[in-house]
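S.K.: I have a structure here, written as structure tokens, and I will follow up with some questions on it.
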Amino acid sequence: MTTRKPSAHSAATPGYEAVAHQHRTGWARMGRTGLAEKGQSQAGGESGSGQLLDQQNGAGESALVSVYVHLDFSDKTWPHEVSRTLTLPAASASSSPRPLLTGLRLTTGEYMSCFEAQGFKWNLHEVVRVPLKATDVARLPDQLSISRATSPGFQLSCCIPSTNLAYTVTWSPGEGSKASSFNESGSQCFVLAVQHCPMTDTVYTCDLQSPGLAPLRVPISITIIQDGDITCPEDTSVLTWNVTKAGHVAQAPCPESKRGIVRRFCAADGVWGPVHSSCTDARLLALFTRAKLLQAGQGSPAEEVPQILAQLPGQAAEASSPSDLLTLLSTMKYLAKAVAKARIQLDRSALKNLLIATDKVLDMDTRSLWTLAQARKPWAGSTLLLAVETLACSLCPQDHPFTFSLPNVLLQSQLFGPTFPADYSISFPTRPPLQAQIPRHSLAPLVRNGTEISITSLVLQKLDHLLPSNYGQGLGDSLYATPGLVLVISIMAGDQAFSQGEVIMDFGNTDGSPHCVFWDHSLFQGRGGWSKEGCQAQAASGSPTARCLCQHLTAFSVLMSPHTVPEEPALALLTQVGLGASILALLVCLGVYRLVWRVVVRNKVSYFRHATLLNMVLCLLAADTCFLGAPFLPPGPRSPLCLAATFLCHFLYLATFFWMLAQALVLAHQLLFVFHQLPKHRVLPLMVLLGYLCPLGLAGVTLGLYLPQGQYLREGECWLDGKGGALYTFVGPVLAIVGVNGLVLAMAMLKLLRPSLSEGPPAEKRQALLGVIKALLILTPIFGLTWGLGLATLLEEVSVVPHYIFTILNTLQGVFILLFGCLMDKKVQEALRKRFCRAQAPSSTISLSTNEGYILEHSKGGSDTARKTDASE
């Protein structure tokens, strides 16, 4: 028998039984939890290769090595990573049998790879020595504050994963202390018992040394509590927490069979904070390590995935902490990635174990487990959904049909040949009841050359409440109610998954306005969110059933909006028309001021009023123009135009309201301090500071705070996002200003009504009431009080009337300012008549300045009457 020799560039490597050119790449250290961190290097047959491997920066109890074998055949060169059994191309048509490549066999510290071809066998052996890193050493504690009065001594420990390398430890300082060591559950721990506390703060060092490797030094800080220091008292309620100095973190070991550490912070005022535990079940961590390595390419997924899945139900039943839950979800995630990468199929037993574990995870206590886990990883529910989606559609064809039902998990899987029913339909007895249908015309293109099609339908109950409240483009910022379930439909043709296909779903017994959605894992930086792209709701008259039609296959649900934001074309058209009319009116207002400015600002009161009104008109004009053009810009944080439009709208609308506040404050000063005149040279700079610098600062801080977090722009729009809090930097100041302006308006009304209604004749009462009504018409749009109706749009559940009222009043604000703030002003009317008619006609129109004068006259009149009364007495 003859074989092809390796290529001429091959080098002999000591310790190998045959001549082969080999590259070792991707070996990595395994931490305490067994996570692989890949690094790269190459070693040929040179004498320094072993030293290079020893000094590679990695650590732990084992390492991941991938071997590449290059063989030159007559027709081609075949390079491939040896990570599973592979079939290589034959050297020629007559070659038999076909060469095979057998996967790695891993032992502690020693790696073997067996290569068989044409009756020859190569065995590759190498002992790998990889040093530890500081992150592989578990210190308990990693810092400690202690009182010499209550604790004469203390104990320190540093633990490393068990390894074939022999490590010795030297503690410094070590005088007056006793060192020891012990082994437990795959770890080797070195302990230092300090008999007497040091007088001052000290840093102890755990020096780990192994022959031929660089030493590793791990520090542990000791803080001595002095007299007068603020401390947290000893607490033995659950765990034993010793006296701890304020500003430090106390640490305690996890219970037996758990790995991790328990921490508790001592606040600056000497009060204990909440307990934070990272304790995780040791057996669950071992499963997580295996799944992580499978995903990285080590081991045999076909053999090990079913083994790990068989243990998941028991681990899910015993999960008792948020760390257990998160580790369990991560294990499922890595198993799903390994299955998808290796394209293996699961049998019924493995799939049942997965579904049982999923049911137990969904049934876990929300308050004690899920809420705390989501506080650490808000996307935990999305991780579970993606893992179950991937694994559920990996059932072997020979195990179809398959039906499985648990309280929180229902699955039905069917296999169809080239001939299948007219339509695929499925129903689930859930609450609410659920039906799904895939038309035949959507399935027909998948049948090619007799390919069998498997359709898997999976219902996950309670999962929709565990998913993040992330809503994509077109769903707004409302909080939606969900029906309590998620439907997952997948289609496999052979070993290929299809995501396109029409599906019709009926969700029964739903209340509110439905939005048909699916969970898009790509939204919100990969954390997932609800999207309605490709889905639409079909109205079912007289029926509580929500029908959804989607053009793709994934995880579906329906969102019910109790606070419906109407998506009506009439409302959008009304907004555009109103803004256009407002912009036109504001331009007219600027033209009027251009003609009559010198005539109407002859005293300080008129100057302050018209100066604030002019700046208000300028800001509102620019804001309305920017807002009207924003929908035509490309949305997204990568669009400079969209970012600029959002920032300008935010700043300009805020500036409009701050100028409204300035005008209200000027009026309030005139009402309260009737005989005190405001100096122009002092008030005007303050008004500019309030009207422009304050909103500019708010808008700038909002941009700098929320843009780096990805929470500045609303999804698909050039406006502030309401999920992360950016929108509230606009809503909050606006509502506060509207509230202050409302108080000033009420104050003005009281001044107009007193004392005329109580002391004056009927004619004077009618004149006062007329002044109140006209002042309301003038001050309401100028003070922006109509924006207070925005609260009604949030509280109203079904009716669209508040939305129309809010849109009409606020998009036409420029028109109201032109009519009531400018043209109804008596001085403006007289100036216009002089300019165009060359004659002065009497006018009985009461303007804002007339009302202000009327109010001031009442205030002055009241004060004069009081002085006369005092003199007569």
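Keep in mind that glycine also has a Cβ here, set from the backbone N, Cα and C atoms.
Note: TrEMBL annotation is automatic and uncurated.
What TrEMBL shows for this protein is this:
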- 235-272: domain 'G-protein coupled receptors family 2 profile 1' (DOMAIN)
- 400-566: domain 'GAIN-B' (DOMAIN)
- 571-825: domain 'G-protein coupled receptors family 2 profile 2' (DOMAIN)
- 1-23: region 'Disordered' (REGION)
- 35-55: region 'Disordered' (REGION)
- 570-593: transmembrane segment (TRANSMEM)
- 613-633: transmembrane segment (TRANSMEM)
- 653-674: transmembrane segment (TRANSMEM)
- 686-707: transmembrane segment (TRANSMEM)
- 727-750: transmembrane segment (TRANSMEM)
- 771-792: transmembrane segment (TRANSMEM)
- 804-824: transmembrane segment (TRANSMEM)
S.K.: Would you kindly check 570-593, 613-633, 653-674, 686-707, 804-824 and say which stretch has the most C-beta pairs under 8 angstroms to the transmembrane segment (727-750)?
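M.R.: By Cβ pairs under 8 Å, 653-674 leads among 570-593, 613-633, 653-674, 686-707, 804-824.
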S.K.: Do the transmembrane segment (686-707) and the transmembrane segment (653-674) share at least 3 Cβ pairs under 8 Å, sequence separation 6 or more?
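M.R.: Counting Cβ pairs under 8 Å, at least 3, so yes.
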S.K.: Please list the DSSP helix, strand and coil residue counts for the domain 'G-protein coupled receptors family 2 profile 1' (235-272).
M.R.: 0 helix, 18 strand, 20 coil
S.K.: Please average pLDDT over the domain 'G-protein coupled receptors family 2 profile 1' (235-272) for the predicted structure.
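M.R.: A mean pLDDT of 88 is what the model gives the domain 'G-protein coupled receptors family 2 profile 1' (235-272).
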S.K.: Can you name the far-off residues of the same chain, 6+ from the ends of the domain 'G-protein coupled receptors family 2 profile 1' (235-272), with a Cβ under 8 Å from a Cβ of it?
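M.R.: Hits for the domain 'G-protein coupled receptors family 2 profile 1' (235-272): 32-33, 138, 140-147, 150-151, 185, 223, 225, 229, 278-283, 285, 323.
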